[in-house]
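Notes for the one structure printed next.
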């Protein structure tokens, strides 16, 4: 492989920016541009050390930057190749000059995710662990981070590898029974034993799939839409959950004329929170566009926060909102309880049915804890708090687990219906192969390229 380089820190002004190199020539290229105290060369220093010096243009001998350089020698590195990380002062100009120097001296600009891709190709991590790296970067809550970290450390991989080993052992027994039935010392694989082994695998796959709904929520967030008539407190609710002013809060109906989106961490549950324009009939063209967008995001939401005004009677528009959200997960929020009551709460609870109704005074910051509790209990039963964080959150993994379940189910049905054993072998083999795709065994190169292209440069 050639030697790659990229800036591995976010672009912009900051304390430190890092240019990362990985590959067989990383140390040689670094030696060309690095000038250390008393002529020290990076290729001769100990591995896993950080070294003070300067980056110098070898053509002009001009000092470009004062740096600290980390040297990590193969194979005990993330990519299992030699890695050099040049720690520069933050800023766009100097870090780009350093990058251009190492590229000129023989490195190639890395593609997005190429460092992690090399870790996968060199056997440092499997595909599910590589995908977990991106999940860790994108985690919006502590829970999401813990799930990604467990997957990155190989928890899911170990489980998948164990299942595959059990299937392979079963296949080997079946093969021996078919090819060498005359040997007395070969354990006979009876139908009962086959059913027991296949059922065990199926149950473990199903157990993983039961975590997928919560896992996807932790990974992708709950698409949550705040709806209600204008000036009932939707923007105040958004700001209370986000803890900063994102939307304009005024007494003028129709102030929010567009869709405002923000990620919110509610007790470890990531909400992709959308504040919509008030849904009402209006002659204002700009507001009407916002109302239409509100109706569209409403259709795509996982959770609806329907806000009502405690100080106003239930209107036809409120009732229409209840009708529009029938069959959806909603939490009804009765706001402005600091004002005189005019809302019929019994009627509201009747319209809400089994859905939670929470009373709040966002002005006085009352009722927020109850709302957060309602959100958490609606999506999580408490199992998420346990130490077992082997959650399946990746859509690709979930799809493959469903396919593996179908294959093992077909194998079980075949055994129970006395189909020829070689047909059962086909289904067992298919299950084994599909599970292997989760960790990267027998995955098409185009899929690998597509997965790693989603990473940022320098990772």
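Count begins at 1; order follows the chain as displayed.
Every residue gets a Cβ built from N, Cα and C, even glycine.
For reference, Swiss-Prot has these:
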type    : residues                  : note
BINDING : 20, 85, 124, 459          : (6S)-5-formyl-5,6,7,8-tetrahydrofolate binding site
DOMAIN  : 221-380                   : domain 'TrmE-type G'
BINDING : 231, 250, 252, 255        : K(+) binding site
BINDING : 231-236, 250-256, 275-278 : GTP binding site
BINDING : 235, 256                  : Mg(2+) binding site
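In the structure shown, across all protein chains, 235 is the one of the binding-site residues 231, 235 with the greatest number of other Cβ atoms within 10 Å. According to its DSSP assignment, residue 235 (Mg(2+) binding site) is helical. When the Cα atoms are compared, residue 234 (GTP binding site) and residue 459 ((6S)-5-formyl-5,6,7,8-tetrahydrofolate binding site) turn out to be 39 Å apart. Each of the binding-site residues 20, 124, 234, 459 was ranked by the number of other C-beta atoms within 10 Å, and first place falls to 234. Put simply, residue 235 (Mg(2+) binding site) is 37 Å from residue 459 ((6S)-5-formyl-5,6,7,8-tetrahydrofolate binding site) when counted between their Cα atoms.
Here the C-alpha separation of residue 235 (Mg(2+) binding site) and residue 85 ((6S)-5-formyl-5,6,7,8-tetrahydrofolate binding site) works out to 45 Å.
Cα of residue 85 ((6S)-5-formyl-5,6,7,8-tetrahydrofolate binding site) to Cα of residue 231 (K(+) binding site): a span of 53 Å.
For the recorded site, residue 124 ((6S)-5-formyl-5,6,7,8-tetrahydrofolate binding site), the DSSP three-state label reads coil. If you measure from the Cα atom of residue 124 ((6S)-5-formyl-5,6,7,8-tetrahydrofolate binding site) to that of residue 231 (K(+) binding site), you get 55 Å.
Under the DSSP three-state reduction, residue 20 ((6S)-5-formyl-5,6,7,8-tetrahydrofolate binding site) is assigned to strand.
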